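This report refers to the structure that appears directly beneath it.
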């Protein structure tokens, strides 16, 4: 079997402090939990090392949890000197008025079905975040996000509107590097990566959940069409368990 001419490695960041507390995070800029740091080292970086992966350029978002994950990976792979591009369009989806609230509590208030629709539907947005939300001002005044035009700064998003910013970044910034023969690593977030996978696969991914920390590789032909399936760098049982954890709204 011929090796595909191109491949790209993707990693969803490790567990954040708010993942740990089961809170909707979105654009609020929290760091990794201790477990998230451990996962970046012992799951993400370890899997890439086992496969002898090397990279020429990395892309990530402007949010700390993805940046920290990438830093840990690059340090462990002795690749701290490669160029890193931080692109706000790779940020997690903005969860609007849900930001900062516990997923379980929201399910108890609005019903499990409604919360899952907000989380997993293609185009049903949560209510927009308002200045009364305790995290509104922290997000708007975050120095990492100051360069974003007011018209582009979301107050809530869906998978569809997240894709409207992620896909052009993929097409305009990432694909040219892949076509130039660069080995590309992308470290981002659950929804921004789900949007990319949906675009690349052209498939319904309502029930597709991306696990934290487990790297996955997608191969492409000369026209940048996907070849074969998604290759997770972990055994099937590990991937399935991690996917189930992400899918769950969480216990009380």
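Think of each number as a place in line: the chain as shown, counted from 1.
Placed from the backbone N, Cα and C atoms, the Cβ positions cover glycine too.
Caution: TrEMBL annotation is automatic and unverified by curators.
What TrEMBL says about this one:
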| type | residues | note |
| --- | --- | --- |
| BINDING | 12-19, 65, 92-95, 103, 119-120 | substrate binding site |
| ACT_SITE | 13 | active site, tele-phosphohistidine intermediate |
| ACT_SITE | 92 | active site, proton donor/acceptor |
| SITE | 189 | site 'Transition state stabilizer' |
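Here the residue listed as 'active site, tele-phosphohistidine intermediate' is positioned 18 angstrom away from residue 119 (substrate binding site), judged by their C-alpha atoms. Around the Cβ of residue 92 (active site, proton donor/acceptor), the same chain contributes 25, 26, 27, 61, 63, 188, 189, 190, 191, 192, each under 8 angstroms and 6 or more positions distant in sequence.
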